[in-house]
Amino acid sequence: NLYQFKNMIKCTVPSRSWLDFANYGCYCGRGGSGTPVDDLDRCCQIHDNCYNEAGKISGCWPYFKTYSYECSQGTLTCKGDNNSCAASVCDCDRLAAICFAGAPYNNDNYNINLKARCQ
């Protein structure tokens, strides 16, 4: 769920507030359209698509689904006791948090004009 995703981001990118990722580019945060502005925004586009796929599992609501995971020294592990929905959502969040850690953060792409740049 989004609370756990926030904590995963804190695990892999401890130097930044998770809020820095909540309104970034065309895909980080609510919605998503157009061409991603950079690699970090592409991480969010992939995460959005991953949630859409997880949502196809019967009764699976990715934004609200809790799962079991652990963070150890910046390494995320989804636990084996997750059901198929929880395992899918956990993996979406884990992969996105890892992607965030490897992508440069461009302050110019925070809080951009979505109508102008995300067609």
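Note that Cβ sites are derived from N, Cα and C of the backbone, with glycine treated the same way.
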Check Swiss-Prot: it lists Tyr27, Gly29, Gly31 as binding Ca(2+). Then name which of Asp39, Asp48, Asp81 it lists for that same site.
Asp48
From the disulfide entries in Swiss-Prot, identify which of Cys43, Cys44, Cys50 pairs with Cys92.
Cys50
Please name the cysteine among Cys11, Cys44, Cys60 that Swiss-Prot pairs with Cys28 through a disulfide bond.
Cys44
According to DSSP, does Cys60 (disulfide bond) fall in a helix, a strand, or coil?
coil
Quick one: of Cys28, Cys60, Cys85, Cys90, Cys92, which disulfide-bonded residues lie within 10 angstroms of Asp48 (Ca(2+) binding site), measuring between C-alpha atoms? Sequence order, please.
Cys28, Cys92
